[in-house]
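Shown next, in C-alpha cells, is the structure this report addresses.
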Amino acid sequence: MTLTDTNPKTKSGATKATVFVDGASGTTGLGIQERLLSIGDVAVKHIAEDKRKDAGAKRALMEEVDLVILCLPDEAAKETVALIDTMGNAAPKVLDASTAYRVAPDWAYGFPELAPDQADKIRNAKKVSNPGCYPTGAIALLRPIVDAGLLPADYPVTVNAVSGYSGGGKSMIASFEDGSAPAFELYGLGFEHKHVPEMQLYSHLTRRPIFIPSVGNYRQGMLVSVPLQLDALPGKPDGADLQAVLAKWYAGSKYVSVMPLQNEAAKGGRLEPEALNETNQLELYVFASDKHHQAVLVARLDNLGKGASGAAVQNMRLMLGLADS
C-alpha cells in the first residue's frame, strides 16, 4: 500500500480538501465531524438548516467540495446520489454510511483490510459504501478462514453479536437513557436484518448466515462472535490453525489486531465490549478447546469507531489521497 501526498490537488485548487457531511446531526455524522475537527487537515462545509432539503442549494454546495459523506436513511441517501449522478464532471466523490449501496457492484466496499488490494480500490473509487458495524466484525473473522479453505463457503454459519445502545439511533438512545428500555434484548428475530447481505457477500459465503444481534444497557462497544464445531470442518483445524490464518491475513495492519491464543481474556474466560471505545481499532480473538473440538471467533470494536465514524474517516482519507493519521 502506498501513501499519497498529504496535500493533494483539490477541486478548488486549494491545498486543504473540502468535505460536506450530509446528515451531520445524527450519531454517525456527529462522530465524523468530531474526528475531522480533531484532525484539522480537512475543511468541512455546512449547509443552512433551512436548505437541507433544497436540491438546488445542496447541488451548489456539492459542486464546491471534493467529497460528500452521506449519513442519511437509505432512501434519502439514494436521492442525494441520484442528484450527484446528474452533476457530471462537477460531481464530488461520495462516501455513503447507509446500507443502500453496500452490495452494489459499482461501489467499492469501505473495509480497507478486506483484501490486499481493497485500500487501492477505495482510493481510486468515486463511490464508496461504509460498512455496517456488525459486518465489520463478522467479515473480519470469516473472510480469511473461508478464503484459506478452513471454513467451507456453504457452512451453516451463525453470527451472534451484542452492541451498546448507541448503535440503535436516537429513539433507542432515548429509551435507554430515560430508563424505559430493558437491560438486554435480542432483536432481528425475523431473519431479515439489513446487515446480512453484506456479511454474506464479503465473507465469500454461499449460504446465508444466521445472524442474531442484541443490545445491552451500555452506550457503546461491540462483540461479534462466530461459534464453530471444529471436528465438523473438512480439515478438522484446531484453534492454532485458525489464529495463524487470521494473523497472517492482518499482519502489518494498523487498525486490526489478531490476539495470541494465550491472552488475558482466554485465561479469565471473559471478554467485555467497551475496551476499544473512542478508537478505530478492531481486535480479533480465537478461543478454542482441543478437548471438545470447539472454537468461538470473536471481534471486538467500537460500534461508533471502526464500526461507523472511525471507518468513515479512514475511508475518507484514502479517497482524498491523504496520508493515514
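Just so it is clear, glycine is given a Cβ too, placed from its N, Cα and C backbone atoms.
No curator has checked TrEMBL annotations; they are predicted automatically.
Annotated domain 'Semialdehyde dehydrogenase NAD-binding' per TrEMBL: 18-122, in sequence order.
In the three-state DSSP scheme, Cys133 (active site) falls into the helix class. The Cβ of Cys133 (active site) lies under 8 Å from the Cβ of Ser163, Gly167, Met222, Leu301, Asn303, Gly307, Ala308, each on the same chain and at least six residues away in sequence. Per TrEMBL, the feature active site maps to Cys133.
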For the domain 'Semialdehyde dehydrogenase NAD-binding' (18-122), what does DSSP give as the number of helix, strand and coil residues?
46 helix, 19 strand, 40 coil
